[in-house]
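A.B. asks: This is the structure I have questions about; it appears just below.
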Ligand SMILES: Nc1ncnc2c1ncn2[C@@H]1O[C@H](COP(=O)(O)OP(=O)(O)OP(=O)(O)O)[C@@H](O)[C@H]1O
Ligand SMILES: C[C@@](O)(CCO)CC(=O)[O-]
Ligand SMILES: [Mg+2]
């Protein structure tokens with residue numbers, strides 16, 4: 001028995017970091033995916049283990065189900081239903097992660113493996129929405145579930161992950177990983193309504209997406225510490241979104257926007273960068289509040305411009321210039337927040353030579369930079385020809401993806 005789920009990465013057009021502090025941000029999913037296949041062994045294949053295979057890294061981690069059961073026996077399994085993973089449960093999972101031999105150079109994987117174990121044990125255990133306990137009536141249910149949890153047995157499984165997204169580069173690899181994992185696990189949870197009975201890739205209804213997004217957000221919290229939720233929301237819902245304080249407004253662009261993504265290949269860690277901005281905010285509260293307010297205005301204006309009726313051929317340059325100006329202003333504010341990097345500045349200077357505007361995307365500190373490619377195709381060809389050997393390009397289009405590519409999907 002097997003299911004595959006895939007979820008897209010994203011770019012942030014405006015508002016990263018500010019969105020953690022309540023500003024509006026604008027993001028779009030991109031056509032690069034993380035895929036997760038969960039395979040439950042037949043009786044003959046069953047070796048009693050839970051395995052995580054990271055195909056791109058040629059790594060495999062394995063735990064016996066009885067050992068997981070033993071390690072979590074002290075945990076209150078109803079903890080899985082709380083809006084955030086409790087420390088006691090997480091420290092038991094940490095012990096399970098630490099006994100694996102993670103190569104030193106790949107130490108960042110530890111948080112991803114912990115998120116995997118959290119999502120697997122919780123969704124396998126219950127599969128209820130994490131927000132369930134916010135409803136007072138369900139407190140009674142929690143008592144009952146605590147009793148039931150004594151009888152929960154996790155199923156042995158092999159979970160394989162592969163991704164087209166560069167890891168730790170600002171394209172939402174952690175969110176795509178959490179969305180695809182949650183989708184695959186939920187499709188086998190008897191407690192959920194996700195219907196994977198039909199053949200082929202599928203799309204889901206709003207309440208199902210909400211459930212999936214809620215679980216993916218829990219995974220992101222384990223990897224990021226304090227995520228805003230924009231990355232998992234862009235990956236779950238697809239297309240373009242405006243996002244503020246947990247609220248999503250989906251919209252589409254009236255015109256195709258072409259962006260070039262340049263990967264500086266400088267590794268960084270979103271959790272550390274987000275923490276750095278929070279520290280700066282504590283030191284300079286008034287000044288940073290003004291920065292976040294400016295970010296909010298820029299993102300709001302950007303979303304209005306993008307969704308406005310398509311301009312005619314003459315007005316198209318004006319349309320692109322407005323977007324470029326807002327991207328430039330946003331990049332300036334990201335520099336104020338301290339999340340740019342010498343490698344990012346090099347890309348900015350290089351693209352500027354060809355009158356092209358760029359900004360960092362995602363958490364910054366290295367990672368990826370986006371450049372708006374105006375309709376002038378000659379300039380575009382020239383730019384790619386000049387710099388093809390210097391950077392790794394991941395081209396994509398902001399046209400709304402076709403139906404079949406909208407969201408995380410399931411395939412039985
Ligand atoms: N395919 C994957 N397999 C295993 N772990 C992954 C995978 N993709 C992401 N991760 C986890 O996510 C971490 C990277 O997340 P991080 O948030 O730092 O970068 P990002 O999501 O690529 O960038 P951003 O958050 O700026 O968009 C990795 O160190 C790992 O723990
Ligand atoms: C840096 C950040 O704003 C975006 C990372 O893609 C973090 C977040 O919103 O969770
Ligand atoms: Mg991330």
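Along the chain as shown, residues are numbered 1 onward.
Just so you know, glycine gets a Cβ as well, placed from its N, Cα and C.
Those TrEMBL annotations? Automatic predictions, nothing curated.
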A.B. asks: If you look at how TrEMBL annotates this chain, which of 98-116, 155-173, 174-192, 193-211 comes out as transmembrane segment?
C.D. replies: 174-192
A.B. asks: Do you know which of 132-154, 224-246, 247-269, 270-292 TrEMBL annotates as transmembrane segment?
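C.D. replies: Going through 132-154, 224-246, 247-269, 270-292 one by one, TrEMBL flags 132-154 as transmembrane segment.
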A.B. asks: What does the DSSP secondary structure composition of the domain 'GHMP kinase N-terminal' (152-238) look like, as residue counts for helix, strand and coil?
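C.D. replies: When I sort the residues of the domain 'GHMP kinase N-terminal' (152-238) into the three classes, I find 41 helix, 7 strand, 39 coil.
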A.B. asks: Six or more residues out from either end of the transmembrane segment (174-192), which same-chain residues have a Cβ under 8 Å from its Cβ atoms?
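C.D. replies: Residues 1, 3-10, 33-38, 40, 112, 115-116, 119-120, 123-124, 126-128, 159, 161, 163, 165, 208, 211-213, 215-220, 223-224, 231-232, 234-236, 270, 408-410 contact the transmembrane segment (174-192) from elsewhere in the chain.
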